[in-house]
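Chemist: Input: one structure, supplied below.
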Amino acid sequence: MAKHKPLSILRRGAGEHKKRQTAQHAKQTKAQKRQHLSLADEDGDTPRPAGKSYGASSMNAHARKKQCGPGDATQNTSRLLAGAWQPVSVVDRQAAWAVAQLLRADMSGRGGASIKSLTLGPSIQAKKATYAVTCQTLKLLPVLKQLLEGCTLLQQNPGLASETAYVLMYEVLFGEGCRLRGPAEKAILAVRDDLSRLLDTMKAEAGVEDVEALLGAELQHRHKQQQPRSARVNTLKMSVPQALAWLRSPPPEHSAFAPKSKSSCMPAHALDPGPDWEVVDACAAPGNKTTHVAALMEGQGRVLAFDRDAKRLARLKANARAAAATNIEARVADFLSLPLATDALYSGSGTVRSRMDHLLPSFGQESRLGDAHASAQPQSVNQEQLKQQATAEEAGIDEAASQSVAQPRNERIERLARFQEAAVRHALQLPALKRLVYSTCSIHEQENEAVMAAVLPEAKRLGFRLIDPFPAWHRRGVPGTVEDADKLVRVDPDADQTDGFFIAVLERS
């Protein structure tokens, strides 16, 4: 009997930015060299709570305010703020860079980067603190903008970029202050009292006491909306009843639990692998779905995990070891050059809330499916053309998916759709393939139903048919876009309170 080789394509991680420093920044970092202290990476994704005083924080203030010397990875944060004053604190400097990236991309209509990719990436130090400061700065951006417009801070300090001013104003007025002081910090501190008085005037005129009330009802509602937290139990280490019993008392971090959105666990269950299956996950790093599949296989069978990036594959191996997933074999390879296949590189449009995109000014200004409907459908080309084009484009997809200045949204979605179609067509050629799961964390029709509409005729010719992986699920594919759209699974990020997802399962008859 032929082995089962289902399909699973995973997204790539954020690419690192090239270093580029001005003479002024080099001079500043040289002066800081003697005070350099190394910072250990911190992982996490929970922003510090913003109470009325904005002074409380669970973070270690000492760790947040350490300086960054010229050898640190955060030197590249001067890229968008070249020539401007840099915050002395590594956290504030990274946050100012992230805010600059996000606001400029948001204003230009070019997408891709998320707050998480810019603040929790491998080159970022003090990740939790950087993420928190960035989120809170963006959350209070309307207030900070009004304060900045009400004073002459930028006019009196030409070396101060507005993004840096937003971050440092947040720190001085609502955060932990500025313990380390360079030109940027001194400029903000010089007008701290004026800013405080202006803020009091704004609250008095609005008849409110809480600064969040200045944001207006719509923004307050947006910020308070939170998806339910979910976690996957690693059944290679613990059963679900054991996990529930263990959770009755506050547990420490444990590899038996993997915090994941509910929808991100659905593709592995749609595959529904047996213990003796052979599964291919060909764009696998960092391995979240890979380890989930391994757990569903009870640690038996074989999961072949491919990724073209050796560093990302090393991370997958570490995650597999932590999860006790001994049935995973990780190999460095480009899946389009192998007789293997993959769960798709996608735009990530379904994860806007978990990515914190709702903090950006333009959130909600366009319909969630607007990009897909406005874009042209993928052109029909032969498989060899698609493979050549997709192979050439794959190297740039990481950067397109992680850098906000990479591409206009419509162009990027069309590019991803072409790649996804090529990946599915490539997978369908496997003689031993029994079940193929195509999933994206995208809400765009062009990446979802349109891809299936393009590949379904060939799939039928090869003996595949669409099957319904979750008969009880209530949300289906867009009617009229593809045959058997009612067998496609959609997850709505708002109505279903989890990340947006699309799942299609093809099975050989």
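Every residue, even glycine, has its Cβ placed from backbone N, Cα and C.
In case it's useful when we look at the structure, here is the feature table from TrEMBL:
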ACT_SITE  Cys441  active site, nucleophile
BINDING   Cys283, Ala284, Ala285, Pro286, Gly287, Asn288, Lys289, Asp307, Asp334, Asp357  S-adenosyl-L-methionine binding site
COMPBIAS  17-36  compositional bias 'Basic residues'
COMPBIAS  376-391  compositional bias 'Polar residues'
DOMAIN    187-509  domain 'SAM-dependent MTase RsmB/NOP-type'
REGION    1-74  region 'Disordered'
REGION    368-408  region 'Disordered'
Chemist: What's the most sparsely packed of the recorded positions Ala285, Gly287, Lys289, Cys441, counting other C-beta atoms within 10 A?
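Modeler: Sparsest of the recorded positions Ala285, Gly287, Lys289, Cys441 by Cβ contacts within 10 Å: Lys289.
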Chemist: For the domain 'SAM-dependent MTase RsmB/NOP-type' (187-509), provide the mean pLDDT of the predicted model.
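Modeler: Mean pLDDT, the domain 'SAM-dependent MTase RsmB/NOP-type' (187-509): 77.
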Chemist: If you count Cβ atoms within 10 Å of the Cβ of Cys283 (S-adenosyl-L-methionine binding site), leaving out that atom itself, what do you get?
Modeler: 26
Chemist: Take the C-alpha atoms of the residue listed as 'active site, nucleophile' and Ala285 (S-adenosyl-L-methionine binding site) and report the distance between them in angstrom, rounded.
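Modeler: Cα-Cα, rounded: 16 Å.
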Chemist: With every protein chain in view, how many other Cβ atoms are within 10 Å of the Cβ of Asp334 (S-adenosyl-L-methionine binding site)?
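Modeler: The answer is 16 other Cβ atoms.
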